[in-house]
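Listed in TrEMBL:
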type: DOMAIN; residues: 7-59; note: domain 'ABC transporter'
Amino acid sequence: MIDYLQMAQDAQRCLQALGVDVSPEQLVSTLSPAQKQLVEIARVMKGEPRVVILDEPTSSLASAEVELVISAVKKMSALGVAVIYVSHRMEEIRRIASCATVMRDGQVAGDVMLENTSTHHIVSLMLGRDHVDIAPVAPQEIVDQAVLEVRALRHKPSWRISVLRYVVAKCSALLVCWGQGAVNC
């Protein structure tokens, strides 16, 4: 039998843990884009993950809404969840992470400690050259190459993933907010 009261209480607990001011009874269609994003993050947190991957979570949000997502990411990290945060927005990256792995053309271009690294240097790593020398470059052929592949992942008896492939033709920055017990750059 489905316990709707317990489900609502669990949802409310997850939303509150991330500081999301949304009622579990509220229709998703009535939520703002930021609230929808936060509800998705809270839903993931219900499963008590050790690692969460957020790929450009603020790309469609207004700057005021970005603050809500950044706050939720910081709270996840404080709860001991390792957050892999993929973004091109340097100001966000600097606010939520202490170190970064910069990727270019599917390869690691460098690992940096953000407090000791200029934005100029990070952009140069992203581009593969000093960004002062920027000139239009013809697009390269997109290659279907997995940058992350997970096989036979199980979480409790409720769900499992047989194969998950994360394919990116070009990824400029891959950020990691380290949680408790994680290894630093």
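Cβ atoms are placed via backbone N, Cα and C, with glycine included.
Please treat TrEMBL annotations as automatic predictions, because they have not gone through curation.
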Looking only at the domain 'ABC transporter' (7-59), how are its residues distributed among DSSP helix, strand and coil?
28 helix, 5 strand, 20 coil
Mind looking up the mean pLDDT for the domain 'ABC transporter' (7-59) in the predicted model?
89
